[in-house]
Amino acid sequence: MFGKLLTKVFGSRNDRTLKGLQKVVIKINALEADYEKLTDEELKAKTAEFRERLAAGETLDDIMAEAFATVREASKRVFEMRHFDVQLLGGMVLDSNRIAEMRTGEGKTLTATLPAYLNALTGKGVHVITVNDYLARRDAENNRPLFEFLGLTVGINVAGIGQQEKKAAYNADITYGTNNEFGFDYLRDNMAFSPQDRVQRPLHYALIDEVDSILIDEARTPLIISGAAEDSSELYTKINTLIPNLIRQDKEDSEEYVGEGDYSIDEKAKQVHFTERGQEKVENLLIERGMLAEGDSLYSAANISLLHHVNAALRAHTLFERDVDYIVQDGEVIIVDEHTGRTMPGRRWSEGLHQAVEAKEGVHIQNENQTLASITFQNYFRQYEKLAGMTGTADTEAFEFQHIYGLDTVVVPTNRPMVRKDMADLVYLTANEKYQAIIKDIKDCRERGQPVLVGTVSIEQSELLARLMVQEKIPHQVLNAKFHEKEAEIVAQAGRTGAVTIATNMAGRGTDIVLGGNWNMEIDALDNPTPEQKAKIKADWQVRHDAVVAAGGLHILGTERHESRRIDNQLRGRAGRQGDAGSSRFYLSMEDSLMRIFASDRVSGMMKKLGMEEGEAIEHPWVSRAIENAQRKVEARNFDIRKQLLEFDDVANDQRQVVYAQRNELMDAESIEDTIKNIQDDVIGAVIDQYIPPQSVEELWDVPGLEQRLNQEFMLKLPIQEWLDKEDDLHEESLRERIITSWSDAYKAKEEMVGASVLRQFEKAVMLQTLDGLWKEHLAAMDHLRQGIHLRGYAQKNPKQEYKRESFELFQQLLNTLKHDVISVLSKVQVQAQSDVEEMEARRREEDAKIQRDYQHAAAEALVGGGDEDDESIAAHTPMIRDGDKVGRNDPCPCGSGRKYKQCHGKLS
């Protein structure tokens, strides 16, 4: 009841928002007749006029109605397409830092041209962001004629283009590209050697297509640029041979139950646990193979690396399944996106997991990586001055959009009423019964000539259905991560009479399914088609279209409920576009993942008690509610994980912004002479304080130690003891000043020898190189801190507060080390001429080019759990590192938490 009340309130607020925007729509419509009278040249001149008005002090809101009317009129002339009133509403929502929920087929791509044009008038650049390269290229090329007609330039930013092409793309008025590429360019710009190497302008306005996919589904997966670390492929191969010797047991050991297996899997938490028996077995196997000393423990401090490899191998074998979580193609393990079902070439799991999967599959093992730079989408997109997004399904996640990004969601009405028929779920006892019912439904649809889109949650499931259809001689097309090159073509023709298309999750998103097939694609396939050919293709399509509508339109058939209601709604949304006929139904079984993990055994027991015969389905509101509640639980858990990830990443983000801002200032500055002077006083002063404590008596001074340190670290040979012996009036303060002055004099002598301009350039190069090296080490230290921070909860401390405190200490340490190392290098290195600085810069670039950078959109593996384990969910459970006697799985944990060892530090990550 309370939920319904909230929905009602949200709906009324939505109506009020639309009512306010409707007034502007009336203004735009009133301008239409006048704009139709303008010549092409007069219409094009509007762009220059708007820019002049903005320069004179008018705002975007002041010119919005006229700008939208201009785009609408230009679209009529260039595309022969007129923006509907609902598209004008959508455009206004997108201009006002909000998310527009627009149903599939309502013309989101054309809607985006309105705010893109308006915001491009500022000259600061507009980024239109899509989920893949194909959509970015398609939308850019489709809309290019419209924008160029209005005098704007269009750029495309996708993977694989050169630096100059990227610069040109970013300097365009409107840049289309993928979320990953924009994020990686931001990181690359902050690793650049000079201002000329940067490609991005300041982040002004981002318009995100499929915003739910990018800001929610991918929010847990940070973008990481990493370089190869040491080679440990042989160790992965050896450890991999141990795992097949281990036996799984159904449930975890407890006081009441001790199994015969070596490990157990917690499917709900996606974790795997060694049993006490399994732990001993692994240690014995390692000893047999000479990888562990006799009597040594896997959990001793010296064996941390070995434990890491064993954990990774066990997870690879038990939690990651081929053709579900990844595929093997051309000798490489390629991750499959759990949300879209698409493959993600070039991306790798972190923490050694990818190498463990490669060892499992017997393919070439690539080196582990060291993080060079990383950022989450949450923190990247929050840097934009203006942010907006559009999708067909945002309403279910409206709270998260508002809470995390400050974006309100506005549901834009459809241009025509929705007539799709959404039928109740059918639940079967077994998966086999479910698949038989699905095949029967498909056959019935084909007899009527009704096209069917079958949505699956994994590649494995899509291939199983494909095999069943081959057996039943049902012609079909398979669209999954293995064949996404043909994705758009298959989806576009999925609406033909009697067509059967199997699609993994939301593969093909962004391409409309037109009833009767896509006649435009047929025309595009011909070389220079004649008007007669075009007319015939369109006439044939009209016949097919009418036949499909008569058969009931596109039928959506879901083979399993997804964890998120939103993704189920996306599948349903493929039918019923622009008022078309259509229908949808989900087929479920008690063996489905969601039902097995989250629906209780009572549901299955009740179904059996009802005396259901084989092949019989249950269709009841109570069951539907139970499924929806299970989905809500998972959604809430995933939201908590994303929220906690953000809270932790915010700490790192504050530091990242400070470092990147400092780095950019260094690169842009003509000279950093003043900076060097300031830090020189700090560094030399801090070293003196260690040997001559402030306001201390001379007996406490360590003068020989100070002389040695100044000579070793700063090439400063000073007779300090001799000064003190000869000069009775030389006190602590004057001595300090003399030492600092001595360093300054030595540095000035160096400057006179090589020339001021050469030294200034050298200072900048040293500062940047030192900062980059320390930042890389700092990222590794922060990762290490985050992985173990949950343990503070056992000491009655707040892990989040402890993380903030310790990360600040690490950052302070970074800044102090930076100052010290820069002054030390500048003191020691002898620069002879300009060529030395140039050689240093060239060597640095050469070394960087050798680094095989890996661009990951790697899942945040350490971030698991949620729900009741609020703080523990921040990091994977790290096994206790222990020396001495072995702790039993059911013994009290040595950390003092009061919990059993297996439930505390005995958990595997």
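Using the three backbone atoms N, Cα and C, a Cβ is placed for every residue, glycine included.
When the candidates Asp441, Asp444, Asp512 are compared with the ATP site entry in Swiss-Prot, which names Gln87, Gly105, Glu106, Gly107, Lys108, Thr109, the shared residue is Asp512. The most crowded of the binding-site residues listed here (Glu106, Asp512) is Glu106, judged by how many other CB atoms sit within 10 Å of its own CB.
Summary of the ATP site environment: with the site residues Gln87, Gly105, Glu106, Gly107, Lys108, Thr109, Asp512 set aside, the chain residues having Cβ atoms within 8 Å of the Cβ mean position are Met102, Thr104, Leu110, Thr111. Annotation: Gln87 carries the greatest number of neighbouring Cβ atoms among the binding-site residues Gln87, Gly105, Gly107, Lys108, Thr109 [cut-off 10 Å, Cβ to Cβ]. In the three-state DSSP classification, Gln87 (ATP binding site) falls within a helix.
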